[in-house]
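Here's the structure, in structure tokens; my notes come after.
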Amino acid sequence: MLLAVAARRRQPRSRRRTTLACNVGNAFRYSAGMPYNLFPGSPNLRSLLSRHAIRSQWRSNGPVVVSAIIVICTAIWVVELLLSLVWPAGLEALVGFGRIAPLTALQRPWTFITSMFLHQPRTLLHILFNMLTLWSVGPVLERLMGHWPFLILYMLSGIGGGAGMMVWAALAPGYQGWLTAAYGASGALFGLFAAMMVVFRRTGQEMTSMFIWMAINFAMPLIVPGIAWQAHVGGFVVGGLLTLLLTQAPRLRRRTGSVRPRADLLTRTLAWGAVLLAVMIAVMLACEVANPIGLFS
């Protein structure tokens with residue numbers, strides 16, 4: 001080792017500069033071609049910019065759906081931000097159309113979907129925190145499950161967030177729960193958290209960091225006012241239950257860390273997803289009985 005160091009010291013200065021330049025260039029090419037993990041298991045943001053990379057990632061089970069959700073949410077947030085600056089009435093109309101409120105949720109069922117893609121335009125923290133969370137958790141699940149099963153998990157978890165708000169509105173005293181309105185991707189994200197916990201549990205992975213992250217997120221409503229914790233709970237329950245149902249097959253338990261055949265997993269996800277959606281609809285219809293201006297009033 002000392003001889004190697006001495007030989008390196010005897011190199012001409014120009015040679016050392018050339019070697020350093022080559023090393024830097026190689027490092028740059030390596031980082032550009034390989035995922036730079038800002039979060040463990042997450043891909044490089046460069047993948048969002050290349051059409052070829054998107055096609056390649058779709059074939060290789062890369063995080064195409066996660067990237068698409070981030071792009072859509074960010075684009076809508078930019079529109080909200082511009083409207084807040086130049087046309088506040090337009091912003092109110094957009095948010096009013098898309099946000100979910102238990103009082104009118106079943107009369108306006110599209111809000112179970114649209115509310116997932118809206119974020120607070122007057123602050124960067126809301127969308128930034130949600131998108132970073134999605135970027136840190138989503139790619140792992142999308143690679144494991146496949147594109148369409150992951151999308152079903154995400155959407156059903158978001159719908160579960162709306163269902164959680166309706167359940168709380170029906171159980172809470174008074175009418176305050178019915179008058180609450182919310183928007184954001186948090187319900188869907190908590191479904192992904194629950195899915196990760198199920199996967200970690202099934203595969204025997206260390207769960208301490210996941211529990212800490214979950215505790216922080218569940219504690220946020222106690223620190224920051226105006227957070228719809230009911231949506232967090234609803235999304236968590238639905239996402240965890242769907243993943244638990246999908247991981248019951250003995251073949252998946254035997255092949256720890258591998259991916260099940262896509263067609264089989266998609267079929268199971270569609271079947272169990274339809275069952276959970278039917279259960280959520282039944283629960284929300286039962287809650288609607290307590291709605292002061294609901295379908296049964």
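Glycine is no exception: its Cβ is also placed from the backbone N, Cα and C atoms.
TrEMBL entries are annotated by machine, without manual review.
What TrEMBL lists as domain 'Peptidase S54 rhomboid' is 108-247. Per TrEMBL, the feature transmembrane segment maps to 64-87, 123-141, 148-171, 177-200, 207-224, 230-249, 270-293.
As a summary of secondary structure, the domain 'Peptidase S54 rhomboid' (108-247) carries 109 helix, 1 strand, 30 coil according to DSSP. For the transmembrane segment (64-87), same-chain residues at least 6 beyond its ends with a Cβ under 8 Å from one of its own Cβ atoms are 47-48, 54, 57-58, 94-95, 117-119, 121-122, 127, 130-131, 134-135, 138-139, 142, 147, 150-151, 154, 185.
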